[in-house]
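K.L.:
So TrEMBL has the following annotated:
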- 335-363: region 'Disordered' (REGION)
- 12-34: transmembrane segment (TRANSMEM)
- 46-68: transmembrane segment (TRANSMEM)
- 127-150: transmembrane segment (TRANSMEM)
- 156-178: transmembrane segment (TRANSMEM)
- 185-205: transmembrane segment (TRANSMEM)
- 277-296: transmembrane segment (TRANSMEM)
Amino acid sequence: MRTYGMLRTQIWAGGVLGICVCLVVGAAILAIFYRLGHDVWASTEHVWEGTFSIIASLIISVMGVKILRVNKMQRKWKQKLYGVIQKSKSLRRSIGGPSSGASGESDPEALAEGADKMVLSEKYAMFLLPFITTMREGLEAIVFVGGIGLNEDTSAIAVLVSSVAALVVGTAIGLVLYRSGNTLSLQWFLIVSTGFLYLVAAGLFSKGVWQFELNWFIKKCGGLDVSETGDGPGSYDIKNSVWHVNCCNGEVQDDGAFWMLFTAILGWTNSATYGSVISYNVYWIAVIAAFNYLMYRESEAAGRTSYPRPLVARTAAAFHCWVTSLRTACRPKHTTSSAGAASRDSMDSVDSRTPLAAASGTA
């Protein structure tokens, strides 16, 4: 019970301290971020927005792979933490009680030296894990919020209210997952949430390329930000346009909150360019290729000789099995007839259970 209380204290202390550290470091980063953003890069706003969007897309892409591997990481951490706990218990018993060695007595100095030489990550593993996790994820959240505040024309109160609302929603989701951990499928939740994250990342990547192209067009127009003049002719480069509609602009509040959310979450734009459309498709091709490569690496590590089939092939095979099972289920079932019942004609072999086989047996 004493060990359980100590480990629980380490978990809470690590989580709280990680949040405090990420708030302090994040505040310093945002202070420098806004200072440089408004003073140094004010003339290259779209370049900065495009760079930030692409970096955020890459971070989300890498994070998505780690999220999908949570189950494997969970088993790995369970093994590590179990070994740390058992090692800590055995060392305490050795220090507190007699040794089972040949001398029959323990060496307090040697045991104390061994305890001092315990690696910090092993002795305080339950503290370091939540500390590093909360600090890393918290810093990512602060950078994302800071980027939104810099890129969008919004007030500090709106950013604060949105952050508090996101914190409340995230806490509620975490409590639901914690309470229903035995009944809710964590793997399916991770798959759905990661798929949504990749949709966001694809939109950010496309939006980043779109910002670079817009900055190039603004330079051709003498530095006038034509994207802020409206949706009509002259607000976009006709030579580089894939489609353009004079509505549904997520950059303008008059077109409605739906298009603003659509733009912010999925990267929608009412004025698509060749670069933004091509980059969106290239992103998904790269993600598919990366996951197939990871599947190949895991199959080699597991010692399997056959490489797992691609998603399209596995989906087609599953659909074929489903259709086959439907045909089998809809096929009429024949019951075994009695000796006096009328038998059907059969072209089966002698080895089958048919009237032909019965006649051959009597002969």
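For all residues, glycine too, the Cβ spot is worked out from N, Cα and C.
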K.L.:
Tell me, please, if the transmembrane segment (185-205) and the transmembrane segment (46-68) are in contact, taking contact as 3+ Cβ pairs under 8 Å between residues separated by 6 or more positions?
P.N.:
yes
K.L.:
Same chain, outside the transmembrane segment (46-68) by at least 6, Cβ under 8 Å from its Cβ: which residues?
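P.N.:
Distal contacts: 37, 140, 144, 147, 150-151, 190-191, 193-194, 197-198, 200-202, 204-205, 207-212, 214-215, 218, 283, 287, 290-291, 294.
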